[in-house]
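According to Swiss-Prot, the protein has these features:
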type	residues	note
ACT_SITE	Arg161	active site
ACT_SITE	Ser231	active site, proton donor
ACT_SITE	Glu327	active site
DOMAIN	13-185	domain 'FAD-binding PCMH-type'
Amino acid sequence: MSFPYSLKPFNTFGVEQSCLSMIEVHSKAELQSTCLSLYQSKRPMLVLGGGSNIVFTDDFNGTVVRVLTKGISCSEDGTHFYLAVEAGENWHELVHFSLNQDMPGLENLALIPGTVGAAPIQNIGAYGVELCDICDWVEYLDLESGNLLRLTADECEFAYRESIFKGCLRDKAVITAVGLRLPKAWQPKLAYGPLQSFNAETVTPREIFERVCEVRSEKLPNPEELGNAGSFFKNPIVSAATYMQLAAHFPSIVGYAQPNGEVKLAAGWLIEHAGLKGFALGNAGVHAKQALVLVNLGHATGQDICRLALHVIARVNEVFGVKLEAEPRIMGLTGETSLDV
């Protein structure tokens, strides 16, 4: 079977796989009609944004729909700014836009790769802020009814790197737009790492934005130079008792207390202290500067990346008794599959 359309330019790992057909959509109406037609035909379909959260382990025996819809509309009331953003907008460019419009609140989420439409699926987050904190609503195409529907943020069932779009709406919904709600009474979020040195009374949104960009640029390789999907593993959440046991054996372990009493561990710290920072397996490697990032060292296949990920998971579990979970979607011949390729 021939797969004439290369996916290499459309996944940030730079994996060389192809697909049967590819369609680019530039309007919401086009996105609706294209996805409904493919869904009703029962042929494999993959809706692709920035390709920054995906690992292709095989050619895709179906149609890839590239979402290139654009548009940002702004409104306000006495207490909030509201942004309605089309799914194909670049996330980081949206953060930049909001700052330039004097609508702060997104600065902690700077330089997260991908599109706005992908952001709610895994409830993107960084430096103490998650999408759920500023999401107002999510509009999506219901593939079964053909209707455009809207969920409030509460209805999206957001959790750490989770949402309803990874649950009961998985493979049944295509996100078309996202609404954001930014308080006019801006409060800096400075709890995490490199932001703690700022003075909450004097810091500006622009300073936070620039610091986040600086830190992410130092730690995360440019996908054009070294293929990657950003953070490959979720930060595992453990009970307070488990954390205390780990801290007794590993006093420098990094953990962040959660509102429910659990503790979120830094997966990068676990990987590094399992001796895997800079480790390579074939053409895939653990990044030498940030152990949370897996990289394509040149001509790596999706299988290479998955094998490395499984090795990292096994080693961290062996050393710490903690099981890591992968963040990116793993795509096989006909759709999403598991890491065990």
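The backbone N, Cα and C atoms fix where each Cβ goes, glycine too.
Glu327 (active site) counts 18 other C-beta atoms within 10 Å of its own C-beta, drawing on all protein chains shown.
Applying an 8 A CB threshold to same-chain residues 6+ apart, the list for the residue listed as 'active site, proton donor' reads Ala267, Gly268, Leu292, Val293, Glu327. Cβ neighbour count for Arg161 (active site): 17 (other Cβ atoms within 10 Å of its Cβ, all protein chains included). Following the DSSP three-state reduction, the secondary structure of Glu327 (active site) is coil.
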